[in-house]
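Per TrEMBL, the features are:
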{"type": "TRANSMEM", "residues": "A:20-38", "note": "transmembrane segment"}
{"type": "TRANSMEM", "residues": "A:44-61", "note": "transmembrane segment"}
{"type": "TRANSMEM", "residues": "A:73-90", "note": "transmembrane segment"}
{"type": "TRANSMEM", "residues": "A:110-130", "note": "transmembrane segment"}
{"type": "TRANSMEM", "residues": "A:142-159", "note": "transmembrane segment"}
{"type": "TRANSMEM", "residues": "A:230-249", "note": "transmembrane segment"}
Amino acid sequence: MGAGHHHQLYLPGASAVHRLPPQCKLLAVFAFAVVVVATPRERFWAFGLYALLLAAVAWAARVPPGHVLRRMAIELPFVLFAFLIPVIGLGERTTVLGLSLSVPGLWAAWNILAKATLGVVASILLAATTEPRVILLGAQRLRVPSLLVQIAMFMLRYLDVILDEMRRMRVARESRGFEARDVRQLPAVARSAGALFIRSYERGERVHLAMLSRGYSGRMPMLGEVSASAAQWGVALLLPVSALAVLGLSL
Amino acid sequence: MNSPNDVNSLEVSRLAYAYPDGTQALFGVDLTIGRGERVALLGPNGAGKTTLVMHLNGILTAGHGTVTVGGTPVRKDTLKEVRRRVGLVFQDPDDQLFMPTVRDDVAFGPANMGLTGEELERAVKGALDRVGMLEAIDRPPHHLSFGQRRRVAVATVLAMEPEILVLDEPSSNLDPAARRELAEILRSLDVTVLMVTHDLPYALELCERSLILSGGVIAADGPTRELLADTELLAAHRLELPYGFAVPAPAEPA
Ligand SMILES: Nc1ncnc2c1ncn2[C@@H]1O[C@H](COP(=O)(O)OP(=O)(O)O)[C@@H](O)[C@H]1O
Ligand SMILES: [Mg+2]
């Protein structure tokens, strides 16, 4: 119990953004990301305006900046990578704070950082205003292949179950005096991973039987009505359409 | 639901089954369960209880013999109908509850049957209400206690209005309070129940009649109290009452 509360992305609320149907928000975030990626990296002010658009969405959704910032940690590996590029990059060089950096490398780093950050923030806002299962309903509505939706649905349901199983196996290992200190103990850990895989596989078979028993015939039934009105589509697409306008101005 | 008792809920006749690897699990099982009965299926580990249960809704198909549910024979072309009529509750609720929320999980069966909108919502709420879990409707299953998950698992099949409810080891892993709550729920239901268990006191508490499955055949069939008072019969089939528990033979006045 209790597992899974700390990595919560969803922030319950009743704002206009929360109330939009999930398929509208999904498509809006996707279209926004496409526009961002298509923007030439030299147009600094365009990226600034995109950030302002997201800030407006966050304000409308009553999502505090702290909530978004803390969850941006998932971007950290990209940030580190981006910092490396100018250092190891080739071509024309420039000196910043006594450090010799590659100019094309700097551009590449900026390009990755700016676009990834905007995409990550947009996704965090989507997840903060839409429950995970509702996102999946939206994906189903958008005709995302049923198999993908089902896989995501099972991950959502069983992630905590599997994490619990891992924790129990670790406790069992350690209560018998095992400590993972150096590589010689890797085989024991690998055996645990194998056992975990088998357990998960067997669970998959049993879940499949349980699904068959309740009339499953290969596709998920449509659960919950999530139809969207033209007005709701209009509101949701405000984000990518504004971004597109910015892009148009910048070209 | 309480239609005339002209059709039996379940009829199994000379059912035999061998697993693909050659293990013969069932050697000719015969049993009949009438409408509204609550029957316990007792048997030691490896007796073939789970194998038998898997035949009741066509997950396994009979190598030999027949299974009939509420008058409908279990065949390839009747699978859909049969799965609606047999509500199977698996032993581990984490296997039974595979959707992200309780609501979606209970809705899964009826939605597969074609229910939508208001009708679906009514089926979901009705089933959760019958097991006393209506307030958990929007919660994810892994935030519930084990006993609560088992109750929701019962609701997932009740929502399909089954002809017969089949439970595999319903009392396993429950603490005494959860065990009692589940017993109260099962007693309050107005459906035929087949309960697979080796928890003999639970069988005595809930079921008038018991069957003993042993070595792939029905070895005994009678009032639970009589079977449990027959220590020789129990010992012959590796069944034991818990320490300190005794059922007085029904013939002698207590
Ligand atoms: N998938 C399988 N493949 C081969 N043999 C099996 C399989 N499942 C069960 N068995 C065997 O069939 C017999 C009956 O098993 P089962 O129905 O699970 O018993 P119970 O549920 O009463 O403990 C046992 O001997 C068991 O080893
Ligand atoms: Mg079993």
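Glycine is no exception: its Cβ is also placed from the backbone N, Cα and C atoms.
At the 8 Å Cβ cutoff, the transmembrane segment (A:110-130) and the transmembrane segment (A:20-38) share at least 3 close pairs (sequence separation 6 or more) and count as touching.
Beyond its flanks by at least six residues, the transmembrane segment (A:73-90) meets 99, 101-102, 104-106, 108-109, 112-113, 116-117, 120 of its own chain at Cβ-Cβ distances under 8 Å. Panel annotation: around the transmembrane segment (A:20-38), residues 47, 50, 53, 115, 118-119, 122-123, 125-126, 129-130, 134-135, 137-139, 141-142, 226-228, 232-233, 235-240, 243-244, 247 of the same chain, lying at least six beyond its termini, place a Cβ under 8 Å from a Cβ of the stretch.
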